[in-house]
Amino acid sequence: MTSDKTLNNLIAYLDNPHPTVEQAIEVFTPLTVGDYDDVHIAALLATIRTRGETYADIAGAAKAFLAAGRPFPITGAGLMDSAGTGGDGANTINVTTAASLVAAAGGVKMVKCGNRSVSSKSGSADVLEALNIPLDLNPDRAVRQFNASNFTFLFAPAYNPAVAHVQPVRKALKVPTLFNTLGPILAPARPEFQVMGVANPKLGQIIAEVFRELGRSHALVVHGSGTDEIAVHGPTTVWELRDGEISTYTITPEEIGINRYELSELAGGDGVENAHLMRETFASRGPAAHRDAISATAGAMFYTANHVPTIAEGVAKAQTMLADGSVERWLAIHEEANYAE
């Protein structure tokens, strides 16, 4: 049962259009331990959706849920995570997941947190499972996988179990909520580097500020012409956090060394189909649009991890790796590996 103090804090928060991070932490912490009734959770999520997500909402909720979560055994310096908010309705191939594998094959320390499909036909877990990348490993085996390959995948529910308290209400509301934004931010590895796509460009600056609050040293938040990816069909807005400073700029496909394509050329299917398309790209047989879209995001990852001085040079590195078979060989080594010992 919700205590009077907790309920009074919640009511005050709902009436406050400009909450502080500390107030948000105070309101979201009871949510992490199941202290709210469903009606209270619905009121909180609906109010935030109606007035618009603020920096305090996102930063405070992130801090509350990270404090309640289970960190990955390896955290911090040198690690990267990558994900998007989803919700752009594009149903493309799994660009970010494919780019994460390219980045790992190229030396980026990638600890990717994700889940099965929610708003698309194929979530990151769906396509990785179809690629025979071992999933749902216990932490010790996941560490062995990471040490062997520069890559591991962490199921979000296993590391952020407190989110389960919200799921029934999220499903009942049937609209995007704060937790669509929070998902990629609640990275169990507490990474130093992050690339995150947002379907709603109004959130770009806010999320960059949240990453600064959470201690990221270098992060990119991107919105590409209506999608939560770096676009091959138009310009992409980038909010870049580097050493505490945030800059905003626009990049075009031509500026980073790729061609333009129609968004429809990136249309994807379910996990099995997208895995097949990914293998074709890794083997240099896939459509040029797929190669360039994956290279654009992988290039941003190489740049964010400070492996190259510009995104364009990162794109060139990714394209070279796809052309010479480096990624295909990496996948052949690491798919179906056991990591039991």
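Using N, Cα and C of the backbone, Cβ positions are placed for all residues, glycine too.
Database features, via Swiss-Prot:
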type	residues	note
BINDING	Gly84, Asn115	anthranilate 1 binding site
BINDING	Gly84, 87-88, Thr92, 94-97, 112-120, Ser124	5-phospho-alpha-D-ribose 1-diphosphate binding site
BINDING	Thr96, Glu229	Mg(2+) 1 binding site
BINDING	Arg170	anthranilate 2 binding site
BINDING	Asp228, Glu229	Mg(2+) 2 binding site
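The structure, with features from Swiss-Prot marked on it.
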residue : record                                              : contacts (Cβ under 8 Å, 6+ apart)
Gly84   : anthranilate 1 binding site                         : Thr96, Pro184, Met196, Gly197, Val198, Ala199, Asp228, Glu229
Cys113  : 5-phospho-alpha-D-ribose 1-diphosphate binding site : Asp81, Ala83, Phe153, Leu154, Phe155, Ala156, Tyr159, Pro184, Leu186, Ala187, Pro188, Ala189
Asn115  : anthranilate 1 binding site                         : Gly123, Ser124, Ala125, Phe155, Ala156, Pro157, Gly183
Arg116  : 5-phospho-alpha-D-ribose 1-diphosphate binding site : Gly123, Ala125, Asp126
Arg170  : anthranilate 2 binding site                         : Leu45, Thr177, Phe179
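The secondary structure of Thr96 (5-phospho-alpha-D-ribose 1-diphosphate binding site), as reduced to three states from DSSP, is helical. By neighbour count, meaning other C-beta atoms within 10 Å, the densest spot among the binding-site residues Thr92, Thr96 is Thr96. The binding-site residues listed here are Asp228, Glu229; among them, Glu229 has the most other Cβ atoms within 10 Å of its own Cβ.
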